[in-house]
């Protein structure tokens, strides 16, 4: 075994762990400032766009480029449309525009099945918190909580599922 030489098997997990670190940074920023900065999303976008190309290069099969890119674009579409529909259904009080754009970018990395898992886990973790805050505040108004920490939980589960399943 050569120490320090990256191999195909170690690059993809390193990429996914880097993605999770960036997602965690976005989650902390969302908790502190209740927004997702567009400049940071613009910086993260090219890094996320590398995911399908990296998958193809690590697989060693150049013929799978277009199906992999199509899967990434389908994930981006799913990642953008589901939060957009949720925001439209709640009149813009549920999810912000930064969350919507961020989910679209995550879709490039995780694909449609990974984004479905991210959304499911995020919803499972977010729903009890919303109900708890609503119960404690006794207000009938919508409660604003940052959603990116829950997306980070979903990303961690999707990353672990992709690496170990």
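Heads up, the Cβ atoms here are built off N, Cα and C, so glycines get one too.
Among the features that TrEMBL reports, transmembrane segment is placed at 12-33, 40-60, 72-95, 107-131, 143-164. The domain 'Prepilin type IV endopeptidase peptidase' annotation in TrEMBL covers 19-130.
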On average, what pLDDT score does this prediction assign to the domain 'Prepilin type IV endopeptidase peptidase' (19-130)?
91
Looking only at residues six or more beyond either end of the transmembrane segment (40-60), which have a C-beta under 8 A from one in the stretch?
8, 11-12, 15, 19, 22, 26, 29, 68-69, 71-72, 98, 101-102, 105-106, 108-109
For the domain 'Prepilin type IV endopeptidase peptidase' (19-130), how many residues does DSSP put in helix, in strand and in coil?
99 helix, 0 strand, 13 coil
